[in-house]
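All remarks here apply to the structure that follows.
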Amino acid sequence: MNKLRSSAITQGVQRSPNRSMLRAVGFNDEDFNKPIIGVANGYSTITPCNMGLNKLALKAEESIKRSGGMPQMFGTITVSDGISMGTEGMKYSLVSREVIADSIETACNAQSMDGVLAIGGCDKNMPGAMIAIARMNIPSIFIYGGTIKPGKLYGEDLTVVSAFEAVGQLTSGKITEERLIQVEKNCIPGAGSCGGMFTANTMSAVIEVLGLSLPHSSTMAAEDLEKELSADKSAEILVSAIKKDIRPLDLMTKKAFENAISVIMAIGGSTNAVLHILAIANTAGIDININDFERIRQKVPVICDLKPSGKYVTVDLHKAGGIPQVMKILLNAGLIHGDCKNIEGKTISEYLQNIPDKPPTNQNVIRDIHDPLYKKGHLAILKGNLASEGSVAKISGVKNPVLTGPAKIFESEEDCLKSILNNDIKAGDVVVIRNEGPVGGPGMREMLAPTSAIVGQGLGEKVALITDGRFSGGTYGLVVGHIAPEAAVGGNIALIKEGDLITVDAVKQLIEVNLSDEELKKRKKDWVKPIQKYKRGILSKYSRIVSTSSLGAVTDL
């Protein structure tokens, strides 16, 4: 084992005052020669995603001690995307990714910690922790709080998206208010992150593929015993990694990020993975850009039938073999790199050695590579005169991802949702929600409420929705987000007028408004930059420093 970083606060006569403080929190003489390991605990009762984390943190703490380390627990924040969705509060969601990253980096570096075990549940916990881990490059491991089990109503599996869609179903007369309340009361049965292949489960899978969490751990249910056992094992592995000096940037290679992109395509993951992978890779100093997603999408099929557009939930994926089974199928097809290593020092080829070559025959969640749901990945990168830097379209569940129609312009999510619920949106429309980007929102809110209402009204195949904001992992339909440049910085999405014809063509990777360059230039001359909405506080700071979404909406370029 190399010299411990914590020796800066534990060794030598001059560090006697430092040691006195450590003795007060439980250190004894022999402990000053042990690695000090931060336990970044995202426990919170704000959200079901994080309410089960404390037991995992305590289990990990015990395991660190038993394995020869000294744990020091500290808290990180979380917000609940599901609770803040559709409100002003959602502007703080993406901002919280940076706060989480900054807080973990601050605590670990201020206290000269030798390693960190991060525990998270809700969407931004995972990328926030990974950004911090990449910045510090000290031995690290991530423990995912686990997925929620599906709710049940009359034999049907429910998720939180069921409740969002029920709102649209109610306003279009498809269900009664009584049914809406039944869905509301039954869709979230306990602890864990939203149960489909939404953002939290997508990002936990990304971390598993990158090698910074244990195999199979990203799809475990939050309330199952194996999740606690996995936390115990993760802590033990981290202590070993410190002794072996295995560091995050040893694992976060370009090949590893390509593997992660391949897996999110195969499992039908969230559009948010594009934003977060770009941010993590940027921090790690790895050259991954938005075009890599399109390149990989062209060759990797969707082989998992998972919600929101599919049938099954993440616990079903776990029973079918989890992420290792998906990876083994992709490895055999030559679609991922087998020489990338994980936190245990094993290559992908090594730790997948005992995974079956084909998915189990008694399940329908994971398909064979030759019988995919879709022959190409579902996250398409679209460019054109509305998105010269790129945009992200999610096209799973859409039979024909091509639509040309008149623009219906909204300057906020709230105005759009009101119009949808008033049945003002018709088949063939292209709904435009702008000034919701990283700078303009600020915070790049997720448009789950409008998209779910559209689907609930039966228009998911007949209407396109485009925005410089984001989408929840629970969104599906013909949707295009992350449009860059965004409206607030003068992107062409700011120049569209009501009724302009817009084409969304995921087959040709095209998004454009039917206007000449001359007309766009003329409109740009008349464009007035919006007044900054916030003068003080975190949203004001964020809007001044955040990058474009095509670079991951990072704050430390």
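Here the Cβ of each residue, glycine as well, is placed from N, Cα and C on the backbone.
The active site, proton acceptor annotation in Swiss-Prot covers Ser472. Listed in sequence order, Asp81, Met85, Val161, Phe198, Thr199, Ser270, Asn272, Glu446, Met447, Leu448, Thr451 are the same-chain residues at least 6 apart in sequence whose CB falls under 8 Å from the CB of Ser472 (active site, proton acceptor).
Other Cβ atoms within 10 Å of the Cβ of Cys194 ([2Fe-2S] cluster binding site) number 31 in total over all chains. DSSP classifies Cys194 ([2Fe-2S] cluster binding site) as coil under the three-state reduction. Marked as [2Fe-2S] cluster binding site by Swiss-Prot on the basis of sequence analysis: Cys49, Cys122, Cys194.
As annotated by Swiss-Prot, Mg(2+) binding site applies to Asp81, Asp123, Lys124, Glu446, with the evidence given as sequence analysis. For Asp81 (Mg(2+) binding site), the count of additional Cβ atoms within 10 Å of its Cβ stands at 31 [all protein chains shown].
In sequence order, Thr78, Val79, Asp81, Ser93, Leu94, Ser96, Arg97, Ile100 constitute the residues six or more apart from Lys124 (Mg(2+) binding site) in its chain with CB-CB distances below 8 Å. The DSSP secondary structure for Lys124 (Mg(2+) binding site) is coil. For Lys124, the entry in Swiss-Prot reads N6-carboxylysine, with the evidence type sequence analysis.
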Near-site residues: Mg(2+), ref Asp81, Asp123, Lys124, Glu446, CB cutoff 8 A to centroid: Val79, Ser93, Leu94, Cys122, Thr199, Ala200, Asn272, Ser472
If you draw a 10 Å sphere on the Cβ of Cys122 ([2Fe-2S] cluster binding site), how many other Cβ atoms land inside? 29
For Asp81 (Mg(2+) binding site), what is the secondary structure state per DSSP, taken as helix, strand or coil? helix
Other residues near the [2Fe-2S] cluster site, CB within 8 A of the CB centroid of Cys49, Cys122, Cys194? Thr47, Pro48, Asn50, Ser80, Asp81, Gly82, Gly121, Asp123, Ile148, Gly192, Ser193, Ala200
